[in-house]
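Residues or ranges marked as domain 'ORC6 first cyclin-like' in TrEMBL: 4-91. What TrEMBL records for 94-183 is domain 'ORC6 second cyclin-like'. Positions annotated as region 'Disordered' by TrEMBL: 204-296. Annotation source TrEMBL lists compositional bias 'Acidic residues' at 220-236. Here TrEMBL flags 254-264 as compositional bias 'Polar residues'.
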Amino acid sequence: MDMSAIASRLGLSDSRPVVRKAAELRRLCDVTFDSSVLGIGEVCKAIICLEIAASKFQVIFDRAEAVRMSGMSEKAYIRSFNALQNGLGVKTTLDVRELGIQFGCVRLIPFVQKGLSLYKERFLAALPPSRRASTDFGRPVFTAAAFYLCAKRHKLKVDKLKLIDLCGTSSSEFTTVSTSMADLCFDVFGIAKEKKDPKSIKGNRELLDVLPSKRKHDDDSDSSGESSGDDQDELDLPTYKRHKKMKKEAYNEWKSSVLSSNKQTKPDPTKPRKQAQLNFKKKPSDIALEVSSAAN
């Protein structure tokens, strides 16, 4: 497939420099090594060359559409992308200043630079000496993750998907690097989650003031000038706990009243029981007379 046709399907037909650079990379790849040995077909090779050229010129590249066109899975595409990039000796770079200008967050530039340097120091200190030389922090995913975490810490909105497309990585790798940065440099990238007291929030305070028990407590305190400690503790409880306590007290009161009534109606076991006598020798006429007399 022609490079221009692939670029038009990926929405890069208007970017002439990107198409020319991708064609140059494709010719260089054909001269340098055989991509079929790496399991990369011609269409996939053209798509990867387009992505490398787009990242070089800071042009947005639709990786999801590229993966779909290549006929590979996302992991296989990323593996082929890294292999082809290493074979060509091309490294994509992502500048913090360009990110700050592009996203309108110029004031984040010193915080991102400080966070990146601190992350490198702490990450290398945790590695054994034999692995420190092979560690590469020049990948764009580290810069993009640091920029995203700083923007999140300073409560600035940044398009995460756009950052992932710019750095040319997957969402899972971006999340892994972001988590690692937040863990190692929490003082720079972390976000503290403090549990606030409901009474300190104005909206919750107004809701508490509307409660009938709260109004009653305030009226009693105004009239008498004193309040018991038990009432104060009861008001300090949350609403669902207070309702649960009230239900439990009502159940205990009902239980005690039932038990006391049973004790009062229970017959004395010491007294002998008297069995009623039944007389089956009465005539029906006598029964009718008894009923009429009882009715009168």
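From the backbone N, Cα and C atoms, a Cβ is placed for every residue, glycine too.
Remember, TrEMBL labels are computer predictions, not curated facts.
Secondary structure of the domain 'ORC6 first cyclin-like' (4-91), assigned with DSSP and counted as helix (H, G, I), strand (E, B) and coil, comes to 65 helix, 0 strand, 23 coil.
With DSSP classes pooled into helix, strand and coil, the tally for the domain 'ORC6 second cyclin-like' (94-183) is 68 helix, 0 strand, 22 coil. Residues of the compositional bias 'Polar residues' (254-264) grouped by DSSP class, helix first, strand second and coil last, total 11 helix, 0 strand, 0 coil. Summarising model confidence by region, the domain 'ORC6 first cyclin-like' (4-91) averages a pLDDT of 84.
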